[in-house]
Every structure is written in structure tokens, then in C-alpha cells.
């Protein structure tokens, strides 16, 4: 049990009192037409008093949606609660939008779909060499099909038939249950296991995340520090946690890893996952020898969202907003894609010159304010703070992929390709042994599905959007970070960006184990770390004590240990049912020992 000094306790109490005296954050701006309230019960139900953090979360939901305290709905979890219709404001904004998946076979099909999506200004959700997911209104479907070759007119399937309803169910629901677990919202001295911490039972708005980060740092000051990377276009801090224990007399450059999420505002699972990994490392220090060793050897910079303006906008106005919120040359098309604005090979595919495009990278390199702030921060840390950045992990969604450089072109290979692939394969296997989830491994230029079923088709490398100017390429090429990856998290399309909240903890476990594998790889084969029981540091799935580092295949298990699944999946095409539970053969994914020192 952790002991706090008298001064720390007083500071903590003062902080909590400040929050409890503030029912909501008045600095937030809320939509002009909030969602209509939906009543769960027809008659009044007695309620137990709600605790501090639930009141804080409820106040955010009430202010955003305009829901009176006595008329809170319990949407956001259709697996446990009865379904409710999406409010009129969501129907008005998203209409009868759907998400369709198109299967791709030839380069001509890719080219036709690229041209059609640009003509109709469609929202491309995800793309690989096998399929492309596109959001569009139902009444636009005939126009799209009319622009496509016959081969594509019959090879599309619906992934989301009712987008407003799915969006409505993705928002967290204000709790009306007794507050017996309220203390679970606060950081504790125990590492997170399963869903014991209420913070990870729902996606959280920025106005809850930032106080939580500050409190976490105040409770573990020996190895956690709350910092700001810079300021966003709208003046918000870009919050981060620095986690690590640096020896007082160590004059060597401090090896540092960056774990970042939320570049694209609508990808909420990346934000929650960064927080989960940070929480797990911080609360496990001193209890797990492998984790303690990592924090003594490295600093970790956790940035839940580099795009705070966009993230707030997804909570208050448009759940599917992708870019940041800065002004462009067209007043009616604001925002810059923060993963297409970096300086290396900026706008490499020459398709991002239209501010209305989702992948618009700005009118010059580093036009995106927040990307420029992060680039300047890492330069300052290197030049003035004796820091050496050795790894970069950028969390996105969706499609379950582990991508390494380069993104801008498939014609060039990174010099340490073998090492990048080896580590990526080790990360993929650690994830698969966590929750039976298969993550593809590929170069980011194609975003290929590494199913091992067929070889990549170079002629299909024509992309649906610009892939130049990515953070992945800049950190690797211009900044010299040897191990740079982009992880596209769950799922493979059943929910896309609207991943249900039940996936927060399982996805967090997967990426936590990925970070552990990354740290183990970076420590290398030094004799000083030979005796560490690395498996003790990994988070295991429920009802399974199989070691994460076991090199044996485990392909005979086809169940989901986390119990995550869709109860009503009758509308899903048969070929996509259980697409998150496929457990394909390892192929060549064994964690090889071939890297060159």
C-alpha cells in the first residue's frame, strides 16, 4: 500500500474539492441543437447517491446532450441495456448514412473508386489492398455505383446500416447504479486488471481526461509527471504524461519512447488505449520487476490526443470529425489532417490540395498547428534536455494492423527493414496471445492485410488518400527514430470508429503487451536483463494463464476470452460475421532472433 506525505494528501484533497465544487466545465462550447432526452423508465426509480467522478462524468454528458438530470438515457452499450432510438439531432446531422465495404481485385477498380469518391466528396473510413470502407448517404449510393465498373457494383456489402443509431450507442451512458465502486475511478496503488477501474468502463471526454492525468501524476510523483507538449489551434494544452525514473547522476542521453493517440479525432479507442497503457505502467512500478526495469531504463511519453480541439468537437458536435479545427483557405472546410502535414514527403501523392478532403495536409509542410508543436517539442527535448528518442508508436483505428515505414511510397525500403519486421511480428504475436486478435504486419505505404494468403499486389498501391507527410515517416526518416510504428487498433469493420466501450480494456491489454514487447526488444540480449521474468509483466487474458512469450502456436482457440461480441448480428453478411475473432495461422510471425546488432 502506497503511503503519501501530509503535503501530498492536502494537495490531493484540495484538487478533489475543486472538482466537486464544479458541476461542469463552463469553458466548453456545446452544440446549438443538443440531442433530445430519452427516458429509460416510465416511472420514477429511487437512486443511490452518485459519487464524485460519476457526477463529473454525468455533468459532461448532460451539458453536451442537453439531457435533464431526471431523464438520462442508458445508451452506449447495447449488449447490456435495451436499445433506444437515436435522438432527432443525430438523425438530422447524419440522416440515413451507411457504411459500405467494397472488395478490390484490380488497380483499375482502385482508380475508379478513388475518382468516384473525390467527385462525390465521400468519407473513406479505411482502406487496404483488399477492401475499402466508405461512408455515404443512402440516396448517394446509386450515384456512386453509376461511376464504378460493373465488377464493383456487385461486390459491396453493408457494414453499418444505421449510422446515427450506432453513433448514439457509442457515447457513454451516465451511471444510475449505486456508487459502491466510485473509488475505482481514481488512480490507485494497484495495477489495472480487467474492468476494475471505472475510468476505463467508458470513453471519456477531454474535460475528464486532463484532471485524471493530473491526479495520476500527483499520486505517483516519483515516476510520473504531467506535462504539456504545446498549445492547439484553439488554445488548449496538448496534455501528456512523462513516465520513468531517471538516475540523478546519469549523464547519458535518456532513451525515450513516445506513445501517441488521437491524431484523428474520431478514433476514440486510441485515446483510451494510451491512457490505459500509461495507467498500467505507472501503477505497476515497484510491483513488477520487468516494468520497474523498463521505467528505470527508459522514459515514456504518453500523449492521449495530439488533437484536443478535434477530440472535443467529436464529443460536442460531430462524432465522426477527423481533422483538427484550424482555419483553412475555405471557411466552410476547416481542419488539417494531422497525420498528413508532417515535413517528410509532405503531400507525396499530390492529392491533398483540397481543404474539403478528409486527408488535407495543409498548404505547406507542418501547416497543422499541433503537429508543428510536437515536432518543435521533440527537437527541444533532444537539443536541450539530453533526450534520445528510440521508439515511436502512433495509435489509430481501425483494421488491426501494425505498420512500419514508409507510408509515402512503396518504392523505397527502410535500411533496418529486417529489424522493423522482426519487432512488428513479435508485437503481433504478443497481441494475438493476449486476446486471440490477429494484427496484420506490413509496410504503411500499402496498408496491406498480412493474411499470408496471397502476395501483395504492387499495382494496387494507388491509395484512396494522400499518404505523404505522415508522422510515422517523419519520426523515422527526419528525426532518426529507429523503431517507428503505426498501430491500427480494433476492429476490422463491424463497428469501425464506433467501437463499443467493452473493447476499451481488452484493446488496452493488447497494446500494453505490445509496449512490453517493444521494451524487451530495445533492452536486447544484455546479461543484465537475462534473468528477468518478462512473462510476469504481461497482462494475460481471463481464464488463461498461458505465457505471453510462449513461442508455441495457440491457433486452436477460436473463442473470445473477453466475451466481446455482438448479440444481434443477423444483418451482418455471413462472410464478415466474427471478423474480429478470426485466428489465422501464424505463418512467418514467430518472434525471430535474426536482428543484426
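Sequential numbering from 1, following the chain as shown.
From the backbone N, Cα and C atoms, a Cβ is placed for every residue, glycine too.
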Original post:
For the substrate site that Swiss-Prot assigns to 264, 265, 266, 267, 339, 340, 397, 398, which of 242, 246, 322 is also named?
Top reply: 322
Original post:
Which is it, of 170-189, 190-209, 210-229, that Swiss-Prot names as region 'Disordered'?
Top reply: 170-189
Original post:
Could you give the Cα-Cα distance between residue 264 (Zn(2+) binding site) and residue 333 (disulfide bond), in whole Å?
Top reply: 16
Original post:
What is the separation, in Å, between the Cα atoms of residue 396 (Zn(2+) binding site) and residue 333 (disulfide bond)?
Top reply: 23
Subject >> Env. residues of Zn(2+) site, Cβ within 8 Å of mean position of 264, 267, 396 Cβ >> reply: 261, 262, 263, 265, 266, 270, 322, 339, 395, 397, 488, 497
Original post:
Out of 333, 356, which of the disulfide-bonded residues is least crowded by other Cβ atoms within 10 Å?
Top reply: 356
Subject >> Packing count at residue 396 (Zn(2+) binding site) (other Cβ atoms within 10 Å of its Cβ) >> reply: 22
